[in-house]
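Taken straight from TrEMBL:
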| type | residues | note |
| --- | --- | --- |
| ACT_SITE | E121 | active site, proton acceptor |
| DOMAIN | 131-374 | domain 'Radical SAM core' |
| BINDING | C145, C149, C152 | [4Fe-4S] cluster binding site |
| BINDING | G201, E202, S233, S255, L256, H257, N336 | S-adenosyl-L-methionine binding site |
| ACT_SITE | C379 | active site, S-methylcysteine intermediate |
Amino acid sequence: MSIEVVAVPDFSVEQQQSPSAPAQQNVVEKVNLLGMSRPQMEKFFEDLGEKKFRAGQVMKWIHQFFVTDFAEMTNISGKLREKLEKIAEVKAPEVVHRNYSKDGTRKWVFRVGDGEGSLVETVLIPAEDKTGARKTLCISSQVGCALDCSFCSTGKQGFQRDLNQAEIIGQLWMANFSYMEEVPVAERERSVTNVVMMGMGEPLLNYDAVLNSMRIMLDDFAYGMSKRRVTLSTSGVVPKIDQLAQDIDVALAISLHAPNDELRNELVPINKKYPLEQLISACQRYITKDGNESSRKHVTIEYVMLDGVNDHPEHAQQMIKLLKNLPSKINLIPFNPFPHAPYGRSSRNRIISFQKTLSDAGFVCTIRQTRGDDIDAACGQLVGQVADRTRRAEQWKKKIAAQGEIIRSRG
Ligand code: SF4
């Protein structure tokens, strides 16, 4: 688990320290409460000698009222607030870049560490559906990704590290908070309505942090989201799909992208470890376990349309065969090319014809509307550009500084 409930600091020992002791010995590393699930926060308060219900109170302040200053948590005693100020904090990842598209899509780039590439991105995609205005937040789970799918901009950046719970839930917190700040009061009724764990990284390879973050999303003391509105998308880490089915009730999406093993080995290399037969069986188990639960009635199949690669009529026929015993909804995604991408986007006609073949065979098959084209919508693309800009700015600063040194030494 990425976040540990840190033992309560022993204030008596701290007070007994000699005044001449080095300053850093008195520095208490603060616990970030932002990423704690309810059981974790209950344990935190119990360890402090407090009642468990404090966890619910504090979670409401953090996730529903966006309060980060303990002094403002007025239903908590002054003594406890003072104690919390000393040992804890509520800290979201830092926003280093924002991009808002003309179509309402918003992208944020967060810094999650000191390294040059410690950036992740989060996208908010507004849309209308039969339930009204939907705002879907696509959340990242890792810095970069190790799985190196050949069509993916994030995969090209390599893997750096897992995000911790505060960094994952912090993306939802910040998107809601920024929405509350920027949108006029009269239009604020619905901020983020849906979450997809489909951003940078493979969520099932950062299992505990992602699981606990989704628990916070579903918790009535935090975001209280419906389990049908929280979706985990995986490239196919089969054993973890089974574990997920035991641990939480959320919707499942599979990044399929190819209807046969040969092509999928090339596009989604984890397929070599967990081939299609195993993946489809795991999806069937995910559905059948709690068939009556609406979040598990079907699996969403994501299929990126790559020109001349996976968009032939025979691929559509192979899909029909592959998915015939899996209750599923298919989402065709027009590819978003990024610089140096080895693929192009399938033509509109090709995509429509692929959709028709699947629809005629009885599948619910939609084509994802391309959104945010004016703000680098391909996953991982904006992070790459911000990192490039940061690197160029650093190089420029170093160059200027070096020139200054030369001028000074000449003077
Ligand atoms: S598509 Fe997903 S799993 Fe594949 S490299 Fe990109 S982020 Fe990783």
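From the backbone N, Cα and C atoms, a Cβ is placed for every residue, glycine too.
H257 (S-adenosyl-L-methionine binding site) sits 17 Å from C145 ([4Fe-4S] cluster binding site), taking the C-alpha atoms as the reference points. DSSP assigns G201 (S-adenosyl-L-methionine binding site) to coil, not to a helix or a strand. Annotation for C149 ([4Fe-4S] cluster binding site): spatial neighbours G155, S235, S255, H257, L267, V268, P269, criterion Cβ-Cβ under 8 Å with sequence separation of six or more. Checked against ligand 1, the recorded positions E121, C152, E202, S233, L256, N336 give C152, E202 as the ones with a Cβ under 6 Å from it, listed in sequence order. Long-range C-beta contacts of C145 ([4Fe-4S] cluster binding site), restricted to its own chain and to partners at least six residues apart, with a cutoff below 8 Å, comprise C152, T154, G155, Q157, G158, F159, M200, G201, E202.
Across the domain 'Radical SAM core' (131-374), mean pLDDT in this model comes to 92.
The secondary structure of S233 (S-adenosyl-L-methionine binding site), as reduced to three states from DSSP, is extended strand. In the structure as shown, the Cβ atom of E202 (S-adenosyl-L-methionine binding site) sits within 10 Å of 26 other Cβ atoms. The distance from the Cα of E121 (active site, proton acceptor) to the Cα of N336 (S-adenosyl-L-methionine binding site) comes to 16 Å.
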